[in-house]
Structure formats: structure tokens, C-alpha cells
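Some features that TrEMBL has for this protein:
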DOMAIN    13-124  domain 'CMP/dCMP-type deaminase'
BINDING   64, 94, 97  Zn(2+) binding site
ACT_SITE  66  active site, proton donor
Ligand SMILES: [Zn+2]
């Protein structure tokens, strides 16, 4: 039973609860003027890794929210595999992050909005681990709106 210790917010579905946590991370990125994408890794109902996009701040094109969350979760567990974990991420992972998820052997990936340009599912659906279950569309509008507003604001500034 994956959500056995899920007691904080019984009124909403676990996937929505944890996606809200990923959205909080996206808002941290937004406050830093980073592209607002956030992620959390959950194991047995506990958040064991958090991350938000930091590519500007770290001058690192690989500093995506998912990569930060995978590293944090692996550090927490003391091992590189995330076999009984779920990644919640506000926007569909790119092929780099989907590729990294393969190496973690993560059980589930739950994402909010599709990324029509860089999302892995349009490029190569086989890139994730065959045992990884993919769920999309959780709090999709909230996740997409954060991105839309960010890029609208960017465009009006330039
Ligand atoms: Zn990525």
C-alpha cells in the first residue's frame, strides 16, 4: 500500500496533494525568475526529495526540477534507485529527465501539463523504464498557467 502514511490531507486525492507540493516548488522557481517547473519525489507517503528549475541560477542546462528532486531523493535513501517512489512534476519531463528516470527505475511518474515541444512522450515514449507507470493531467491547468504567465511576462518585458 503505497500511501499508507498519507494522513495530512484526506479530503483530496494523493496525486493532487503531492502535485500541489510540486506546484509550490514551481513557485519557488518563479520567485527566482526561473522557468516555473517544480518536482517532488514521494516514497511511502513521504516527500523525500524536492526540486525546482535552477538552470539560470546554476548556469547549468541540466539543473531541471526533476534532476534536483532525483538527487535529493537518492541522497535521502542512500541509494541511487527509486524503485518504490513516485515523481510528481508540474510539466512533462524532457528526454534528459525521462532518461534519468530510467536509471532510477522509479515506479511512477505523475506530471501536470504536457510539453508539446520538449516533452519525452512526443519524442520517444520508450525512454522511461518499462516498469514506470506514467500518469498525466493532474492539476494540468494550474501547472500550465504558471508557465503561460511566466512566458507572457517575459515577452512583455523584452
Ligand atoms: Zn528535463
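Glycine residues also receive a Cβ, built from the backbone N, Cα and C atoms like all the rest.
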Other C-beta atoms that fall within 10 angstroms of the C-beta of residue 64 (Zn(2+) binding site): 25
Inter-residue C-alpha distance, residue 94 (Zn(2+) binding site) and residue 66 (active site, proton donor) (nearest angstrom): 10
Chain-mates of 64, 94, 97 with C-beta within 8 Å of site centroid, Zn(2+): 65, 66, 67, 93, 95, 96, 98, 100, 118
Cβ contacts of residue 97 (Zn(2+) binding site) (under 8 Å, same chain, 6 or more positions away): 64, 66, 67, 89, 120
